[in-house]
Structure formats: structure tokens, C-alpha cells
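Positions annotated as transmembrane segment by TrEMBL: 12-32, 39-60, 80-103, 124-144, 164-185, 197-220, 226-248.
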């Protein structure tokens, strides 16, 4: 088996392993009989993981990759690229999260994620992705992970050993992130079928983008470290928005009030509720998970 074919087989096998294990872990919260209090506790733990991943893994890896891509040449421009990438990622996620406001101005109604019920329409399922800034932000970061992984395997055998290290680091932080995504979407009362679809897309996007990048890079013999670095920083910006969104989401509680004394209709509203000590502890422990992961090696 020649070197190119060997690297291709490695890339496909590892991609399949990553996709299957990620999806399986994402289904765990759905299989566990959790009470509302346990779901809230899991959500705070998941919030901590997302926060730690953003600040310890996503943003630092983007900055590091960007600096490595230019070496000692023109590195005085790197801070501008970093700032621009972070702001662009944050703003785009902000716009997407408030897409319903833009669409409403054109008399187009967009359902919220907890209003979507699976009716057998794939179009409806794919549309639901764009109603969840949490899922969309994580999917984008997962895609960048796949591009990085595929790029590493497209290099020569002597250089591609980093691919196995990168695969290990990606899957180590991807598994708890899958669990977190599932837990947080459960708290948002998303339809189970739609939730499973979100987990499936998130679990498969890294393997798919990895394989496609490997094929593209191998065919055209390209080096795209600078592009990947900018995409990683942009991904860090999307992560920052996801973190702020998740922190607001998990600290709010839904309440109901009757619309009127003679009506069976109900109005729903959310408000900030005091965080219990156990919830705070769970979020701090979750934040520590990516910190521990970062000590296993370079991502």
C-alpha cells in the first residue's frame, strides 16, 4: 500500500470512528431518565464545557495557527486578523440568531426551535439548523476542525503524524461537546426528532469536512495554513457568541401565566433565576474539563 493510499484509508477510518462515537455520546442525555432539575444541572455542566472550549481551545488554536502560518514575516498584521475574525464571527452569529427580525420585516415568519415538529420534511429539518445559534456555531467550529484534520493528513507521511495527535485532541473535546449540545437543546424543549437530527449533523460535519479537505488538498497539492488559521479565529468569534447565548439560556426559567381569567390560552415568559450552589459548581467543573484536555498536547 503506497503512502497516499495509506493516508487516505487512515483518514476515512478515523472519520468514521469520530462520527459514530460522537453521535452515540450525543444520544446519551436522551436515553437517560432525567428530571427537570437534573436537566438543568447537566445544562450548567455543559455550559461550562462550551465556555472552556471557547477560551482554552478554540480561540488559542486559531491564534497559534495564524502565527505559525506566517512565521516571522508580516506577523505585525496578525493582531488585526485576530480582531477582525473574532468580531466577524460574533456579528454573523448575532445576525443569524436574530434572523427572524429581518425576515419579519419582509413578512416571512420563521418558527423558533421549540415550535418545530418533525412532519417528515427534510427541508424543515435543515431549516431548524438556522433557528439555533447554538447548533450553528458548533457546526461551524466542527467544520473547521475537519478542515484542519484533513489538511494534516494530506501532507507527506513524515509530516502527517500530527494528524493522529490532532484527531485525538479533536475527538477528546468533541465528545463532551456533543453531550453538551444534546443537553442544552433538551433544555430548550426541542422536538426529539429534530434534536437527533441536530446531533447527527454536528457529529458528521467534522468527518465529512475532513475527508473532503483531504481529497481537495491531495488533488491540488495546496497549503492553506493561513486560510485555516483565519477560519479558526472566525470560529472562535462564533464560539464567543454561542457562549453568551448559552449562559443566558441556562440561567433563565420558563414560566406560564393565563392570558385572561376566562381563557385557556397561556402566555410564556422567561426571567433570570438565582443560580443554586450546585449549578455554579457544575458549571465550574465543566469549565475545567477543556483545561484538563488542553494538557494532553497541542490541538
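Cβ atoms are placed via backbone N, Cα and C, with glycine included.
TrEMBL: automatically predicted annotations, no manual curation.
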Whether the transmembrane segment (12-32) meets the transmembrane segment (197-220): three or more C-beta pairs under 8 angstroms: yes
Long-range environment of the transmembrane segment (197-220) - Cβ separation under 8 angstroms, sequence gap at least 6: 4, 7-8, 11-12, 14-16, 18-20, 22-23, 26-27, 118, 125, 128-129, 132, 135, 138-139, 142-143, 145-147, 149-151, 153-154, 170, 174, 178, 181-182, 185, 190
Residue numbers, six or more beyond the limits of the transmembrane segment (124-144), whose CB comes under 8 Å of its CB atoms: 58, 93, 96-97, 99-100, 110-113, 116, 118, 174, 177, 181, 184-185, 188, 190, 194, 197-198, 201-202, 205-206, 209, 228, 231-232, 234-235, 238-239, 241-242, 245-246, 249
Tertiary contacts of the transmembrane segment (226-248) (same chain, 6+ residues out, Cβ under 8 Å): 46-47, 50-51, 53-54, 58-59, 61-63, 65-70, 81-82, 85-94, 97, 133-134, 136-138, 140-141, 144, 147-148, 151, 184
